[in-house]
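Each remark here refers to the structure printed beneath this line.
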Amino acid sequence: MALVRLLGVECRNALQRSYSTASVPTTKMFIDGKFVDSKTTEWIDLHDPATNKVVTRVPKCTQDEMESAVESSKKAFKTWSQTSILGRQQVMFKLQHLIRNNMSELAKNITKEQGKTLVDAEGDVLRGLQVVEHCCSITSLQMGETVPNIAKDMDTYSYTLPLGVTAGICPFNFPAMIPLWMFPVAITCGNTSIIKPSERVPGATMMLMELLNEAGCPPGVVNVIHGAHDAVNFICDNPTIKAVSFVGSDQAGKYIYERAGRNGKRVQSNMGAKNHGVIMADANKENTLNQLAGAAFGAAGQRCMALSTAVFVGEAKQWIPDLVERARKLKVNAGHVPGTDVGPVISPQSKQRINELVESGVKEGAKLVLDGRSIKVENFENGNFVGPTILTDVSTNMKCYTEEIFGPVLVCLTVDTVDEAVEMINNNPYGNGTAIFTTNGATARKFVNEIDVGQVGVNVPIPVPLPMFSFTGSRGSFMGDCHFYGKQGVKFYTQTKTVTQLWREGDVSHTKAAVAMPTMK
């Protein structure tokens, strides 16, 4: 049933019948093109972050269920890898159309399970959709290379081939975007894919599977399993799985990279961040303050590219009171409420950790100029809400600076020169993203050239590249050789075969008859 034909609650209920059990709200698996109930005895309750009411129960899939997903993917690879690249491209054409037409329903599910505002949830879907759109150019992206006449009568050419069964392990903060970073690139290159969405937000992935079926993707090309630590270990250890993509925390990312790597798998692992925004006194003040507030507090700060650290250079520190006032005016509420700027964080545990890191800053000497920890939201008193929070007079040895807070908290530092700002950022172990706000081109150029961070914005607070490029976080924020999506994404999901062939000119058959007098030479 096409999602586009369904509206409101009717759509939500219809979808639930597809991937959940209506009487007891339990999320299903997706194996061999079908939504399947798990036989597990272990379940994880998924709570609405705005109310903490249980939305659904997510299974910890059994060993047999995970094995069946791998077998399905292994079987499908035999035919899918031999499917015309034009046929694989057609699936992406259809999928991008279906996602675009059902963006609103996907966003509603994301807001319900993850908590972010509806506008932000639509952005979540859109940034994933852009990867699908880029996959539609696979006929160019997957081209090989040729050198004719590398020697007498000899040609060399190379072409890219799929790896086999691949897997993706997804985080909670982007329920649609991150799965769409993974399985579309993998399967368009001819692989099959097993996706493990975060047990906190599986709904968007399940809806995408329904759309993938409608797009005509054959059974087994993508399978979805659920679970926590055991599911991760299964993916890392199973010998059939050739490559693993991960986005999430430092601890999990390092663990997956090392464990899967020991088992001979390719791994790409996007991990933690501490993204700095450098504010020069010559910047456009109004635009800069608006961008700072949006990048720091949007999505309740639960973005790997959130601008969580502001570095004010010279007289720019005089702008801090104005920034505080902008942050104070942001509306905190449930994500589905119109006009909401900041929704809840994902869980009570996340809220507690955020509050503790803020308190650690205060104890270590930072000034709490805006405190959102005690905010109460009418009609949602049980929600996981933290309002915009700003700490000033922060130093680089404080825990609130050294650790990724992952909440609506901005820590502010001051320096005298752009050189000091560059040194500070380069000394931080993370390298996901950074930005500078200035109207001076020479300052911007110096910053771009000297900064050791993978993604740099100039008057752009969250410099996440579009999919014709790649997501190029570096240093402590990434482990692996090839980044997500773009040309590097295609390289990650393919292997190169190089052929050197020799065909002697003298061996050509059916040549023109020779009628000249034989000379015996």
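Keep in mind that glycine also has a Cβ here, set from the backbone N, Cα and C atoms.
The record from Swiss-Prot ties Phe172, Lys196, Glu199, Arg200, Glu404 to NAD(+), and of the options Ser104, Ser249, Ser269, Ser470 it ties Ser249 to that site too. Around the Cβ of Cys304 (active site, nucleophile), the number of neighbouring Cβ atoms within 10 Å comes to 26. For the binding-site residues Lys196, Arg200, the greatest number of Cβ atoms within 10 Å around a candidate Cβ is found at Lys196. The C-beta environment of Glu199 (NAD(+) binding site), restricted to residues of the same chain at least 6 apart in sequence and closer than 8 Å, consists of Ile44, Leu46, Val58, Lys60, His226, Gly227, Ala228.
Here the binding-site residues are Phe172, Ser249, Glu404; the one with the fewest Cβ atoms within 10 Å of its Cβ is Ser249. Reported as a whole number, the C-alpha separation between Glu404 (NAD(+) binding site) and Cys304 (active site, nucleophile) equals 9 Å.
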